[in-house]
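Here's the structure we're looking at; comments come further down.
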Amino acid sequence: MSRKPFIAGNWKMNKNPEEAKAFVEAVASKLPSSDLVEAGIAAPALDLTTVLAVAKGSNLKVAAQNCYFENAGAFTGETSPQVLKEIGTDYVVIGHSERRDYFHETDEDINKKAKAIFANGMLPIICCGESLETYEAGKAAEFVGAQVSAALAGLTAEQVAASVIAYEPIWAIGTGKSASQDDAQKMCKVVRDVVAADFGQEVADKVRVQYGGSVKPENVASYMACPDVDGALVGGASLEAESFLALLDFVK
């Protein structure tokens, strides 16, 4: 099964609309063919309309970094998945470790968000990953497997096949430490095996699994060479146009 690689940059809480506009203008015409690789940027909510407007007609996919699981109502400070779709958003990142840690998001919240994203015609990038303590205790596979199963519960096989799952070991995010090629392959295969157990091998063969955690232009090719790594969710190295383009210049 040939899965199209997907490299997505997560800007986190960086860039104002002017900076976002300059970035997209710098990369839009230089992106590789969408037949070869999918390129995306997860922009802060206040940058989304700018990024979507400048990216229009290019190969750049646009993701939100979060949404709520209701479309409207008395939910002060939340972002509506319905409105994200209306403005043209393609993907929504959910379950990032920073959201789980700082904002106390649960597996149940993430599952509800996944359902809301599909209900509104977008696709989720579902993040999972273990702490250093869990990793060193040898419980990474068990922990991540439970996160994946919980996030996908109640989705249809078709929805799961269209999902993107990003494995990001928490101990490698923004720390300069990165998982070895073997670790990345092993854990991305764990993700795929959990999908196979829950939804069947055919679905597991279609779902795209990204690795995230200190991915840079210098190491992206080694991760992309892994049979179960279908892309990367990249933080710091996606903030500069030149670096983002270099991430896309790998040979699978």
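Using the three backbone atoms N, Cα and C, a Cβ is placed for every residue, glycine included.
Swiss-Prot annotations:
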| type | residues | note |
| --- | --- | --- |
| ACT_SITE | H96 | active site, electrophile |
| ACT_SITE | E168 | active site, proton acceptor |
| BINDING | N10, W11, K12, G174, S214, G235, G236 | substrate binding site |
- Message: Looking at the binding-site residues listed here (K12, G174, S214, G236), whose Cα lies nearest to that of H96 (active site, electrophile)?
- Response: K12
- Query: Rounded to the nearest angstrom, how far is the Cα of the residue listed as 'active site, proton acceptor' from the Cα of G235 (substrate binding site)?
  - Reply: 11
- Looking only at C-alpha atoms, tell me how far G174 (substrate binding site) is from the residue listed as 'active site, proton acceptor', rounded to the nearest Å. 11
- Query: What Cα-Cα separation, expressed in whole Å, is found between the residue listed as 'active site, proton acceptor' and K12 (substrate binding site)?
  - Reply: 14
- Query: In the same chain, outside N10, W11, K12, G174, S214, G235, G236, whose C-beta lies within 8 angstroms of the Cβ mean position for the substrate site?
  - Reply: I173, V234, A237, S238, L239
- Query: In Å, how large is the greatest distance between any two Cα atoms among N10, W11, K12, G174, S214, G235, G236, the listed binders of substrate?
  - Reply: 14
- According to DSSP, does N10 (substrate binding site) fall in a helix, a strand, or coil? strand
- Listed in sequence order, the residues of the same chain lying six or more positions from W11 (substrate binding site) whose CB sits under 8 Å from its CB are A20, I41, A42, A43, P44, D47, Q65, S238, L239
- Query: Should H96 (active site, electrophile) be counted as helix, strand, or coil on the basis of DSSP?
  - Reply: coil
- Message: Within a 10 Å radius around the Cβ, which one of these recorded positions has the most neighbouring Cβ atoms: K12, H96?
- Response: H96
- Task: Within 10 Å of the Cβ of S214 (substrate binding site), how many other Cβ atoms can you find? Include all protein chains, please.
- Result: 20
